[in-house]
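Chemist: Straight out of Swiss-Prot:
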type: TRANSMEM; residues: 3-23; note: transmembrane segment
type: TRANSMEM; residues: 28-48; note: transmembrane segment
type: TRANSMEM; residues: 59-79; note: transmembrane segment
type: COMPBIAS; residues: 90-99; note: compositional bias 'Polar residues'
type: REGION; residues: 90-112; note: region 'Disordered'
type: CARBOHYD; residues: N98; note: N-linked glycosylation site
type: TRANSMEM; residues: 157-177; note: transmembrane segment
type: TRANSMEM; residues: 219-239; note: transmembrane segment
type: TRANSMEM; residues: 300-320; note: transmembrane segment
type: TRANSMEM; residues: 364-384; note: transmembrane segment
Amino acid sequence: MGLWLVLANQVGLVGTLVLVVCFTPANSLVRPLLLPGITALVSYGLILNKEAIANAGAWSLVNLNTAGLFLQYLDVGLISRWTYSAYGPTSSRGGQPNASLDLAGRKKPPSSSLLSRLQWGFSTATSWRAPSTVWEAKGTPHFEELPSRGRFLARNAMTLLWSVLVLDVMGLVGGDLDPVANAAHFTWDRVRFLARLGDVSRDEVILRATVVYMRWGAMYFSLQVVYSFLAIVFVMVGLSPVQRWPPLFGSFTEIYTLRNTWGKAWHQLIRQKVSSPAHYTTYSLLGLRKGGIAGRYTCILATFFVSGLLHLFCAEYSYGIQWDQSGTLRFYSIQALGIAMEDAVQATSRRLFAYRSTYWTRAIGYVWVLLWFLWTSPAYFFPLLKYDTEKRPPVLLGPIETWLQSRHVQ
């Protein structure tokens, strides 16, 4: 019964959003009046997800979608104010690309039929990057060449299997979870690094690096599994075309700066959702000047702060981590500081040394990014690891693990 309620909650959120963007004018009072109801549905959904879904990883993903739909409503319903008649956003207050296009420069709705409206509304509610449209989120990767439907399905099936296999291997290499060891190794004191650098042992550095980089790898492949699975289902049954499912991640050759890492290499699924309220707060509420240093970095900080709130509800909330033990907001907020630091270094280098990008500067950049995440990521990961006591059985390598265990016993 609980899972059916979870599904009903998701349908209610998506359905409300679809009806709002399809059938209400941009400035309709219905839109803000529905916000308390959306907030109540999301709050109930976060509680319901935890009670109905046993696997912590699964309910984290469902929580991400639940809280993400709240941000989606804020953006397309209230800030950017999408409508079917405009076939897109009607306001640029959320920093939406091309929102200022007049109606003559926009793609026209194919028809005014109910089915056409609902299809567009469903796409608007669920395609958070708005790929292959003029409203596409900045940094969204593209196909090198648009594949045929069959090739797309085959490629995503291989990606899905490969990603699951890698996660299985990572699970086997990681071994059994030891709650006692986790509680000792991943305390909040261990998050602090530079302040106690003289007391940090080589073994702790190795453990820290192993955990940080493996957790980022696990997040990468976990997101790829979900994305490839949904892409296969939606394209196979005809709910969306191939062009609505471009690659999830960009090129990891771009991770020589933090700005590129977050804006090009990592997924952009929530970029518009978290940047819209940040853009609105910075430039509409605070009235800071666009293009100014204060406005630019306030908006970056606000964007990462909103992203931190989203990840807090989808991850830490799932594990029951107390607020005073939480590091998610700290991790995401400090990324703005890192970007400001590297911007300052690059600007100074350009003025003093005629800086230009070379193989050597990129090599230094890769090291910088790896060290930055080695320093900052434990604030995000260690509280989760401390409370993570769930052994996740391998999906593909389960029989192999069983055979290895039987040989070990013999």
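First residue shown is number 1, and so on along the chain.
Note that Cβ sites are derived from N, Cα and C of the backbone, with glycine treated the same way.
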Chemist: Taking the Cβ of the residue listed as 'N-linked glycosylation site' as reference, which residues of that chain separated by at least 6 in sequence fall under 8 Å from it?
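Modeler: In sequence order, G88, V134, W135 meet the Cβ cut-off.
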Chemist: Looking only at the compositional bias 'Polar residues' (90-99), what are its DSSP counts of helix, strand and coil residues?
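Modeler: Result for the compositional bias 'Polar residues' (90-99), in helix, strand, coil order: 0 helix, 0 strand, 10 coil.
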Chemist: Is the transmembrane segment (300-320) in contact with the transmembrane segment (59-79), using three or more Cβ pairs under 8 angstroms as the rule and ignoring pairs under 6 apart in sequence?
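Modeler: They do touch: at least three Cβ pairs between the two stretches lie under 8 Å.
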